[in-house]
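Some notes on the structure that comes next.
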Amino acid sequence: MGKLHNPWPVIRGVVSDLDGVVYRGKTPIDDAVKAFQTWKAEGIPFCFVTNNSTHTAEDVVSKLVSFGIDVTLDNVVTSAVTAAQLIRQRFPEGTRVFVIGAPSLKQAIAAANLEITEREPSVVVMGLDREITHEKMRIAVDAILKGALLIGTNPDLLLPTPTGFEPGAGAILTAVATAARVKPIIVGKPEVYMIEAALKRIGTDRSSTLMIGDQIPTDIQAGKKAGLCSVLVTTGVPPVEDATLLPPDFTIATLKEIPGVR
Ligand SMILES: [Mg+2]
């Protein structure tokens, strides 16, 4: 667009968002599939990071494999698994956790040897729960007021659906946090926990690692905060203009525009 910016770095690794970048809902985005196939063939390591806590990493792997991207569990970091890891960094095995969220979140918490219970929890974890009730929110607020730590998988307020929008995990998280007057720990983007987990997996240098995403408030902020080269691709949700947010290093219409991608 005639705008001056720095040249692309030498690309040694890629961290990427999924929805709006690799696929839209159930439909793969062809140029993105080809880009990840190129990187795979050239030995450039990549890892996907998703705020969505309602699918397991296994679900994500099968979806990507069905699109022709050769990945294993090592290539996927979810907010659910990252939340479980974060709890285990701060609390011992067997710690009582109250979970508001999808079965995939409960699975990640249980797999980290934490006890899921509504009885005197030390931690309340909240992800998107399409069966949210006032009773679940009451248990959460009461536990937090008695000292439990509040952790949210992601701050997304609104999610696109085939027919419009639905409230995201951040909307119910905000309700509980507001009632209990606490500031939750957020695991997902724009925070950097998942980016750090992804960098640990691929082992590349921050300045030669891309963070690709379709949302400035989450993907790009997380990438910039972690010191990655942040790339906005306009194949997902329409970008939000907000002067208070850090701008992406590059804005592209397709991953084909990234040097070396065929
Ligand atoms: Mg996205």
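Glycine residues also receive a Cβ, built from the backbone N, Cα and C atoms like all the rest.
Annotation source TrEMBL lists active site, nucleophile at D17. Annotated Mg(2+) binding site per TrEMBL: D17, D19, D214, in sequence order. Under the heading active site, proton donor, TrEMBL lists D19. Annotated substrate binding site per TrEMBL: K189, in sequence order.
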Cα of the residue listed as 'active site, nucleophile' to Cα of D214 (Mg(2+) binding site), in Å and rounded, measures 8
Ranked by how many other Cβ atoms lie within 10 Å of their Cβ, the binding-site residues D19, D214 are led by D214
Around the Cβ of D17 (active site, nucleophile), other Cβ atoms found within 10 Å total 25
Here the Cα-Cα span from K189 (substrate binding site) to D19 (Mg(2+) binding site), rounded to a whole number of angstrom, reaches 13
For Mg(2+), residues beyond D17, D19, D214 with C-beta within 8 angstroms of the site's Cβ centre include exactly L18, G20, V21, V22, G213, Q215, D219, G236, V237
Across every protein chain in view, the count of C-beta atoms other than its own within 10 A of the C-beta of K189 (substrate binding site) is 29
DSSP says the residue listed as 'active site, nucleophile', in three-state terms, is coil
